[in-house]
Amino acid sequence: MDWQQLWLAFLLPMTVSGRALGPTEKEAVLDYLLQYGYLQKPLEGADDFRLEDITEALRTFQEASGLPISGQMDDATRARMKQPRCGLEDPFNQKSLKYLLLGHWRKKNLTFRIFNVPSTLSLPRVRAALHQAFKYWSSVAPLTFREVKAGWADIRLSFHGRQSLYCSNTFDGPGKVLAHADIPELGSIHFDKDELWTEGTYQGVNLRIIAAHEVGHALGLGHSRYTQALMAPVYAGYQPFFKLHPDDVAGIQALYGKRSPETRDEEEETEMLTVSPVTAKPGPMPNPCSGEVDAMVLGPRGKTYAFKGDYVWTVTDSGPGPLFQISALWEGLPGNLDAAVYSPRTRRTHFFKGNKVWRYVDFKMSPGFPMKFNRVEPNLDAALYWPVNQKVFLFKGSGYWQWDELARTDLSRYPKPIKELFTGVPDRPSAAMSWQDGQVYFFKGKEYWRLNQQLRVAKGYPRNTTHWMHCGSQTPDTNSSTGDVTPSTTDTVLGTTPSTMGSTLDIPSATDSASLSFSANVTLLGA
């Protein structure tokens, strides 16, 4: 780090065991304080750290760790910094030891899904450990957790290595960072697959305890200054008779309230039921990195969804997400769609197929749907929402219709030629959408077009759709003759049927900052 080199040797007169720390050790200390939120990098000037800022950061860390408070680097402080811990920051900037709150879910009945397991534990032991991790919280707060084995889940748990392409905060190998999690309503929990994950022994890293800690984050709890609390940032080791610390209990109850004793027995019987995967036999599984899509939509939760055949996947900056059966996310929705469009104006998603339309709010079908949609030609090619006039555009062949969801629209003047409004766009597009960057995109075959503010095709387009899907060098290894993703046997992936396809599975967070991937060499298991 260049900004450290100018002052590192002069600013930090730190010693350990009577000897002065070298530049590399000092840099590691500063990196730690910066990484976990004890020290803030100056906004202006690369060498503007003040000695008092670093001293205060060390004092805060020592206080939060239950160490003698000196503001100096000593043996105990150095040892504490080397302990395995959670990857989230410690926003300790107040004197109170009270729990920290990061937000909460707007519902209390949550689903979770286990995507893979480490090589050191069997599937039954992993499942038992994770179920117990959730149960610690549901035993003291009015929360229920239900495991699902396919489709969307509120909380998604997975194991990643150093080179995971779909996890923005990559892990560092054995020791140091053990796991990290998203805040509420994002829902990703990632574990370092290189740790020696164990259960029922003092050796290795106890999966049950670490998972319970990360679930606490996923429910909205920050780190606790009580070193004996589950939500303390540093791993305290295996505890065979573990119970939540009073600070953990107070924090979760501040978010969700107390669990009612009279409903406890009833909920205990139902909270860990599992939901079986969809059993209907789907069509062939597509490769997201080849071929055209049936529809594309910037949908609920700000995620980009691509549809092909009976499957849907999310598109992230790190590549295509997992393939789900469409009906697993939107119950009652068929595959092989003609078009789809999400309207931020009404928060409704409309899907078109033949002469019918399906309407969903989030992932729930509206009453009375599907219904016939005879006001335009059947078998549409594409649809998009245009934020400029808050209208929905429907495309078929070389023409388009402009439809107002909330008002009676006179469609007798349509269709109008696509080229009169969207210059340079091909006829019969397979998909279209307005995206987060405010631009309009059209897709056809293996190409896509971006339009500028004048609704003309931008320079450099069309481009290959693999660029849009962020495939490129991130594309999983494929069989050169079939294009199928090549499986193997390093990790265990859950919730899919045995197949030679789809060995890359990803559930991105709502921010697309933490999504999950499994490298090549995976064994796919039926749920």
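Heads up, the Cβ atoms here are built off N, Cα and C, so glycines get one too.
Note that the structure is predicted; figures quoted are calculated from it, not measured.
The active site annotation in Swiss-Prot covers Glu214 and rests on sequence analysis. Marked as disulfide bond by Swiss-Prot: Cys289-Cys471. Here Swiss-Prot flags Asp512 as GPI-anchor amidated aspartate. Per Swiss-Prot, the feature repeat 'Hemopexin 1' maps to 286-333. Here Swiss-Prot flags 334-372 as repeat 'Hemopexin 2'. The repeat 'Hemopexin 3' annotation in Swiss-Prot covers 377-425. Annotation comment: Swiss-Prot describes 426-471 as repeat 'Hemopexin 4'. What Swiss-Prot records for 1-18 is signal peptide, and it gives sequence analysis as the kind of evidence.
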Cβ contacts under 8 Å made by the repeat 'Hemopexin 2' (334-372) with residues that lie 6+ beyond its boundaries: 152, 282-283, 294-300, 305, 307, 309-311, 325-327, 378-385, 387, 390, 392, 394-395, 405-406, 431, 433
Structural state census, the repeat 'Hemopexin 3' (377-425) (DSSP three-state): 4 helix, 19 strand, 26 coil
Tally of residues which DSSP labels helix, strand or coil - the repeat 'Hemopexin 4' (426-471): 4 helix, 18 strand, 24 coil
Fewest other C-beta atoms within 10 angstroms, as judged across Cys289, Cys471, which are the disulfide-bonded residues: Cys471
Rounded Cα separation (Å) that holds between Cys289 (disulfide bond) and the residue listed as 'active site': 33
Separation of alpha carbons, Cys471 (disulfide bond) and the residue listed as 'active site' (Å): 30
Helix, strand and coil residues within the repeat 'Hemopexin 1' (286-333) as assigned by DSSP: 7 helix, 19 strand, 22 coil
Mean of pLDDT values spanning the repeat 'Hemopexin 1' (286-333): 84
Glu214 (active site): tally of other CB atoms within 10 A of its CB: 25
